[in-house]
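J.: Would you mind keeping the following structure in view while I ask a few things?
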Amino acid sequence: NSSSMKQFILLGLSENRGVQKIYFVVFLLFYTLTVAGNLIVLTVTSSQHLNSSMYIFLCHLSFVDVCYSSDTAPQMISGFLVENKTLSFAGCIGQLFGLQFFGCTEVFILTATAYDRCVAVCWPLHYPALTSRRLCGRMVGVSWAGGFLHSTLQTLPAALLPFCGPNKVAHYFCDVHPLLPLVCADIRAEGLAAVANSGVTSLSCFLILVTSYGVILISLRGQTLARWHKVQSMCRSHITAVILCLGPSTFVYIHKNGGLSEDRSVAMFYTLITPTLNPLIYTLQDGEVKGAMRKPCRR
């Protein structure tokens, strides 16, 4: 019975107290930059200066990044200061739900943004009609609903598993794979279902992304070099964000023969570093966002 497991002990990233203090400073800095950077982008993209529908997606992406990072970072940072990194059963399942929810929603929003970029490149004259604010709002709503459904399908079966110990989670946060070894039952079906759920979701989004960029490449046949450069500048930030989002998380779910430290290092990248980099990617590579950010600075 899962209720017999009252709390979990997270083993974290290192047992060395000196190393933990260094981690505390570094991770606190990254988390502060994540929250500050994404809140700035959130404020700028929700302003009336940026009317393009793309900024609806960017606004929600920044909000998701803050939530996603906040699901694991504060608990992890505070864990560097205490001896026993304990987390209640409810807290662990809640963290698992948040991680899956915000992570999947981010993938869906990036996939929806691919449609926006495809229309902007291939049908620029019809762009306002094909990407109305109402349609983009619905796409964002579907992204949030899809993330919620995926997270429920991942979390509910995990919460009902019979955990009987040991209660030590060989990770710095609660996720499906680190929890499965603590179950005192045959977990092959649950493990396969978790991988299948994430696999189908990732593969579906990947195929949509590849298709949208395939359509863009076909539309560029016979175009001038200047046109290629313009399209590259329009899509560069989105492609970078997709690689940073899908790359590390896909590696963790597919490459399950890798070492534990390897998994934790990659997880550290997508839970902490990627949400910090996303605001930089969009602000440094998007002229309109940079322009909108300069206006309040000039005032």
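A Cβ is built for glycine as well, from the same backbone N, Cα and C atoms used for every other residue.
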J.: In TrEMBL, which of 171-187, 239-255 is tagged transmembrane segment?
T.: 239-255
J.: When you get a sec, could you say which of 69-86, 123-140, 141-158, 267-284 is annotated transmembrane segment by TrEMBL?
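T.: When 69-86, 123-140, 141-158, 267-284 are checked in TrEMBL, transmembrane segment belongs to 267-284.
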J.: Could you tell me what the rest of the chain brings near the transmembrane segment (21-44), counting residues at least six beyond its ends with Cβ under 8 Å?
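T.: Contacts of the transmembrane segment (21-44) (Cβ under 8 Å, skipping residues fewer than 6 from its ends): 13-14, 50, 58-59, 62-63, 65-66, 69-70, 73-74, 76-77, 80-81, 272-273, 275-276, 278-280, 282-283, 289, 292-293.
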